[in-house]
Each structure stands twice: as C-alpha cells, then as structure tokens.
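Engineer: Below is a structure I'd like to ask you about.
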There are 2 protein chains.
Amino acid sequence: MTERTLIKNLAAATDGPVSVSGWVDTVRDQKKVQFVVLRDESGAVQLVHPRALELGGSQSDPATPAPSELASEDPLADVISSLSVGTFLTATGELKHDERVKLGGVEIKLDDIAIAAAANPETPIADDTGVDKRMDWRFLDLRQPKNNLIFRVQTTLEHAWRTYWVEHDFIEIHTPKLMASASESKAELFEVEYFEGKAYLAQSPQFFKQMAQPAGFGKVFEIAPAFRADPSFTSRHATEFTSVDAEISWIDSHEDVMRLHEELIVAGFTAVKEKHGEEILAAFGVEVTVPTTPFPRIPLAEAKRIVAERGYTVPRNDADMDPEGERQIAAYVKETFGHEFVFLTDYASSIRPFYHMRHADDPGLTNSYDLVFNGVEISTGAQREHRVDVLIEQAKDKGLEPEELEFYLDFFRFGAPPHGGFGMGLSRVLMLMLHLPNLRETTYLFRGPTRLTP
Amino acid sequence: MTERTLIKNLAAATDGPVSVSGWVDTVRDQKKVQFVVLRDESGAVQLVHPRALELGGSQSDPATPAPSELASEDPLADVISSLSVGTFLTATGELKHDERVKLGGVEIKLDDIAIAAAANPETPIADDTGVDKRMDWRFLDLRQPKNNLIFRVQTTLEHAWRTYWVEHDFIEIHTPKLMASASESKAELFEVEYFEGKAYLAQSPQFFKQMAQPAGFGKVFEIAPAFRADPSFTSRHATEFTSVDAEISWIDSHEDVMRLHEELIVAGFTAVKEKHGEEILAAFGVEVTVPTTPFPRIPLAEAKRIVAERGYTVPRNDADMDPEGERQIAAYVKETFGHEFVFLTDYASSIRPFYHMRHADDPGLTNSYDLVFNGVEISTGAQREHRVDVLIEQAKDKGLEPEELEFYLDFFRFGAPPHGGFGMGLSRVLMLMLHLPNLRETTYLFRGPTRLTP
C-alpha cells in the first residue's frame, strides 16, 4: 500500500515530504495562492499551492495575463481550480508546521495531486438538508465528521461489551434469522418465500439464545440484526435493527440479569468516555457520564404512582407505561438520584410474553424489567420460565397454541437451568448517549416501512 | 446469584462446602454408594453419595430391608435413583481432593440436590446418531464437550479478529439485510413480503460495505448473517451463513487486501492456538498451526497448469477452478511450501462479478483472489472498480442493466477512493480448522433448503 499518513498523525510528524489521501472539503481558489481543505477518516488538513503566476509579476501589472491564459505554465493550479467538493485524491507535498494555521497547526505545500475519482460538482445535500433527504444520500451524509464519530463510538461501545463478555466466559452465538414460525407477536412478522414454502424473519434471537441454556452453554451473547414488520414512523422504530443480546444460566431472578446488564453498560460507557469523551463533547455538546451502580430499580406499579404524583396519568388501560411516563419517571430519577438510567421492574404478566417467569407468590407479576436511559426504553430483560409444564400453561393463558411452539417447548423437556437475559437496541443506546433526536442518525442505513434504499 | 463454582475451578478450590450446577451426564446407582457425573459448560465432576443403608448393617444380612423399603430414611438416595440423564440441578456438598478419582482428581460428597428441571428419560439421540437427526435435537447435541468447544473456539476467533480490526482503526458497521434489489446473482435471492411491496435478503454486505468507502470511513468490518437461496445440499453450503467482511480504502491492488487478510488469519489462529490448542488436540486430534506470512500466492492460470501436471484436468469450460482442483492445488502447496493456505489470484473477468477491478494491461483478468484453506475455498477478495464510467461498462459487459444499479452506482459519482476487501465464511473456517466434514457441525443452527428448525 502507498505510504499514506493519516491526517490525525500529521501534527506529530516531522516537516518534510508527505502523502495524504482523502476527499476535498473546500477549495479556496485565490489569485495568488490556492487552498484545499482535504478530509480523511481521521481529520482535515490544509493543502496550499502558491500559483506559479506569483513569480511572474504583480497581479496589478496590466501586462500580466489572467490566470486562465497561464494554464499551461502551472498545471497543478489548473487541477486545483477544477476540483469539485467530494473528489477523492492523494496529495503529495511538503509538510510544514505553522502555528498560524488554524486547522491543526500544519499545512502541506503541494507537489502533486492524483485524483482517484472526481465528484459530480452538484452535491445533492447541504448542511441544512432534512433527515429524510440526507438518508437518500447517506454515503455523503456520513462524510460529516459528527456522523463518522457516531460509528467510531459504536465500534468502541460494541468492542467494550464483547470484551466484557469474553473476559467473563460468555460464548458468542449466531442464531438463525430464518425461522419456521414467529418468535414474538405474529402481527409484526416478515414472511419470506423459502423454496416451495415460507419462512419468517427472526423478530429477536429470543428462542435460540434460550436454546443455548439447555444446550449447556452457560452464558451467551449475540449482536445481530432483528426484523419487525412494524408500520410505525416514530423516531425510535425501524423495521430492521441491531439487537444486543445476552442470556445466562443459573440465575436466582431477574436481579442477576440486571446486575450483568448494568456492569455491561458501565464497561461500554467507560470505554467510550475514555476514547471519545472530548470529541463527543465538542461535536454534540454532551458530557458522557459513566453511570454508578447499582442503577435505581423501581417496580412498575410504584413508578406509575410516582408519575401520577407528578401530575401525569398514563393514558393506557393496560398496566403498561407509555413514552411520556418513561420520560417522567426518568426525570424523577434524575432529580432524585442524579442517575440517567432506571430499571423499571416487575411488569404485569398481562403485558409480558408467555415465556417471562411469573412471581412465585403473585402470578400477576413477572420477573422482568425494562431499562430506561435518558427517558427512553432501550431494553427488556427477564428471567425466563424454564419449567415446561408452567411454560405450556402460560402459553395457553396467552391464547397461544402449544402445538405451534413444540420445537421451542422441546428445549425444556430434556432438562434446563433457570436462566434469563435481555435484548437491547444498539441504535437507541447511541441515540440517547449522544442526545440525538432520531435513530436514523445512529443507524448506518435506516430501514422503515417506506425506506429500503440505498 | 447463588454462589456457584464452575467445575473447571474445583481442582484449584480448597476442600470444604461447595455448590455446583449443571446437568446429569451419568448415574451409577450402586447398592452401597451412588455416583453421579455432573457436567457444566466448563467440565465434569463426580458427585458421590454413600447410601444411609450402609450404616444399618450388611447387605447380606437377611434382616436388612431392601433399599426401596428404606426410602424414607435416605431421601437423597431416592432423588439420585430417580435422576434421568440431562436433568439440570444444583448439588451442594463437601469438595474433597482425591487423586484416585480419575475425573479431575476431586469429588463432591453430596449434602443435597435441587432439581431445576428434570429431563424426559427418553433421550432422542445417542453418540452414534447421524448428523441430520442430531440437527433435529441440536440443543442436546451441543451438550457434547466437543461441540461446546467448537463455539468457544468461534468466540475466541471472532474476538481476536475484532480486536485486530479495532486496534487498526477499523469502524464496525451493521449493513441492512433488507434490500430493494440483489447484491449478487438474482438466481439465489430470497424474496420478502415488505408491506405493500417486496424486499430481498442481502446475499452479502458487498454494496454497503463498499458504500463506507465513499462515505470516508477508511476501513470497515462486519460479521453478520448473509442469505443465499442456494438449493445445494453439499457439506459446504447453507442458505444462511455468517459472513466475515472487511473493506479498506486507498489500496494499490488486491495485494493490499491479501496482506490484511493473512494478518487477520494469523491473529485469529494465534489466539485460538493459545487458548484452545491443547483441548483441540485432545478433542479433534488436530494440531492448530499458525500460518507463516506471506501465504503462497498463485495466479489461477498457473494453478490450473500445476494441477494439470499432477494429472487432474479441471472439468469446466469456464476459467474457474472446481472443488477437486482446489484440493489438488492445496496438496501441491502443502507438499511444496508446507502451507495450509494459498491465495489463488487474478481470476478471469468472465467468472468474476462486474464490480471487480480488471487489470489495467489485461481486461481479461481481475485484481481478485480466492483464499483456499486445507483444500477448500473460504473467501473471495478483490480490488473493486471505483471509477463509475468503467463500472457502468463492466456492468453492461455482464448483461446487467445499469438502471437497476443506480443506487449503487451513485456511491461512486460523488468521489470515491480506490478500495477492496473480502468476505469469508465463518463456519467454513472453523470446519477446516478443526478438520470436520460438514459445516452443519460448526453452525449453531444450520439452515438449508429443507431445514428451518429448530
């Protein structure tokens, strides 16, 4: 590979010959000197080219020909004049440290430019373009340093999580996304033409990560796509999303799952703050806070009372919270405990799936929780029911046909440990961490009911 | 969580009270003493229970009642007698080191057993059950220590790869699996009902990992599912597989991609050998070899000549290799260079996709390669064509309609760097590393034309 210096490394490099590669951010094509700001994945640098014309005489001298007439005498100037924003090129020249240069205190006096691919001069999006049109041109939108940062943060976050898991002896699994039946509600299921029959896209790895428990894997994790044929157009929903999943054996209750969950959040946020804290503050004005443990835990019924005391009545007939209720309880937790996270626990059996374990002394409640971060739910966790007879009863209780669940029920017929886990939306965590309004911003390529491209 | 000691940690633990959790591997229900071998995700241990009956008198004494009549005097013995293989339980007792115990030099004298979920006594698979039926009962099949090891190796391998990438400033991306059109051949495309229209499952992240290059991400990776509606029933094909992908900017040719690829293989194999080398040797009789770099590189045309000289003529009319040819060239490389890997390079344009860059001096050849490991292709890599006018010509040359590729061609219309990458099948790498005959063995839950369950 050609010796290429990343722009972020120029400040520490010594003056002299250097080669950088990236795309044109801006061109200032002045009479005496030309400036190009070149950007790469690590930063931006100013390239400078004093026109050959300068040597020939003063600009005010009427005998001096106009720049265009001098083209052949300074071919590099012509190349620079013709550069369109976005053009990818390799620039070679002399690196020079100069503290007067605002952009990083260095500039490169150009010797040559080699264009890799020139950009169409008409850029379809601008700084003030709305989110939907930006998504049409996502590959251009992602060139913005802020957007690049989001995915570097994502990389750090996921790697910290996986490192935590690996250090704690978790096994990584890749569960199939093609299934013969639903893993959650049938209402939001995508159907696939599968040879002579039908298949369905996994709405979550739920059944298969649970399968790892009777398989004796002990502790497993997976970060993978999940699919919901959800027709919503909110800022928090997508038809395809990256699900962060863990499932562990031999728990006593959902408390053990919450303990894992908060440790994992801490590991991830610690790594992000350390590696990107300053950049995030500069780009988003957000101070990343590593949460203290334990996170506050509030049973849902109590949370609803607290919210009611604050003057908000959740407008639902079932026992569930709603988005405004989540914001209200998050505000309460922030005021009372100074914490951005809260576990809402012990959801009613009526609003939880059949596989959540119910309280031994109150079958109306489940060993489950939602994790709310900065006012929005990012995850659901629970202890699962591992006793097959109880599981069948709970499925019937939900109006499900145990016959359709046979392959799943089989998992528990040949021995199974008590177990539990959680699923968490990656883009939601990033959205809330960076205080962004929409998960389109934190998804590489968003998919919604009316968006399948690019 | 209950204080649970992993079985692998018992040898280093001090004698005294201990609690272990796992599933019943075997029960030896003898007259004077009962033995249970309990297995967990880390190993197996012998639990022992001397029957209370021993204290009452000699078994030969006709006045001594039979064990069944004494049930109430030794309830633990009754629990043990009733244990079915596979039952998950927690055992508490006294840990005792005793070098006469073959299984790890320790045993646990039982105080109590708490059953989590009892197994159906009829186990549907046995040690000699064929692979298809084992797949029906994959959750039981995975309890075998060999199978558990495969997925611990997978975990280590992937983590080493990701660590390599993160340390080299790659960005992790999650490309969408729902697409509006094909990314490879239309022949093997799964169609999805998508609200009022159709979507297709990504056959590879090809277009979207390339998109990261004009997006200025520099270097990206992804490990994620890919889908091929491939009706084959070979030991090497699946309709859903885990694809290991990387794509990097500013390469000079496919040589730069191969250099990344071999470094990555070395990083992964080094980690696996270090962490699991001995276990792999014991379980599979395979000595994991960390390959030396550079891997041998052989242009495909030369590989075909070498194979022909060995007496094998590839029975194809196109320029491609076939599986037997791959085995032959691998055998040659092994004999000649003592190497398990070989890059076959410079495939003919006629058998490569339109987006592979062609040689500047010979458009009949591409800047591409296949990586062959132990005689089987595990990966295809290439430099991509980033010049949109050339790309359009190459698409037409393949009989494709550029109109259908507009969203992809747009990626290159606003500037793009030279770039390339590879996609690699995770289960294939594991299969060949462990000398297993079928990738069903190295896939958590295999999916094929006639298999969608469990």
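Glycine too: its Cβ is placed from the backbone N, Cα and C atoms.
Automatic, uncurated: that is what TrEMBL annotation is.
From TrEMBL, here are the annotated features:
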BINDING   B:E184, B:R228, B:T380, B:R384  L-aspartate binding site
BINDING   B:E377, B:G425, B:L426, B:S427, B:R428  ATP binding site
DOMAIN    B:151-454  domain 'Aminoacyl-transfer RNA synthetases class-II family profile'
REGION    B:206-209  region 'Aspartate'
Engineer: Beyond the listed site residues B:E377, B:G425, B:L426, B:S427, B:R428, identify every same-chain residue whose Cβ lies within 8 Å of the center of their Cβ atoms for the ATP site.
Structural biologist: B:R236, B:F241, B:I378, B:S379, B:M424, B:V429, B:L430, B:M431, B:L432, B:L439
Engineer: How long is the line from the C-alpha of B:S427 (ATP binding site) to the C-alpha of B:R228 (L-aspartate binding site), rounded to the nearest angstrom?
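Structural biologist: It is 15 Å, counting Cα to Cα.
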Engineer: Name the one residue among B:E184, B:R228, B:T380, B:R384 whose Cα is closest in three-dimensional space to that of B:R428 (ATP binding site); these are the binding-site residues.
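Structural biologist: If we rank B:E184, B:R228, B:T380, B:R384 by Cα distance to B:R428 (ATP binding site), first place goes to B:T380.
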Engineer: Compare the C-alpha of B:R228 (L-aspartate binding site) with the C-alpha of each of the binding-site residues B:E377, B:G425, B:L426, and give the closest one.
Structural biologist: B:G425
Engineer: Would you count the other C-beta atoms found within 10 angstroms of the C-beta of B:S427 (ATP binding site) for me?
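Structural biologist: Step by step: centre on the Cβ of B:S427 (ATP binding site), count other Cβ atoms within 10 Å, giving 24.
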Engineer: Restricting to the chain of B:E377 (ATP binding site) and a gap of 6 or more, list residues whose Cβ falls under 8 Å of its Cβ, or answer none.
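Structural biologist: Non-local contacts for B:E377 (ATP binding site): B:E326, B:D370, B:L371.
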Engineer: Quick one: what's DSSP say for B:T380 (L-aspartate binding site), helix, strand or coil?
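Structural biologist: The residue in question, B:T380 (L-aspartate binding site), is strand (DSSP, three-state).
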Engineer: Rank aside, I only need the closest one: which of the binding-site residues B:E184, B:T380, B:R384 has its C-alpha nearest to that of B:L426 (ATP binding site)?
Structural biologist: B:T380
Engineer: In whole Å, note down how far the CA of B:T380 (L-aspartate binding site) lies from the CA of B:G425 (ATP binding site).
Structural biologist: 10
Engineer: Do you know the DSSP helix, strand and coil residue counts for the region 'Aspartate' (B:206-209)?
Structural biologist: 4 helix, 0 strand, 0 coil
Engineer: How many other Cβ atoms sit within 10 Å of the Cβ of B:L426 (ATP binding site)?
Structural biologist: 21
Engineer: List, in sequence order, the same-chain residues at least six positions removed whose CB sits under 8 Å from that of B:E184 (L-aspartate binding site)?
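Structural biologist: Result: B:Q203, B:S204, B:Q206, B:P353.
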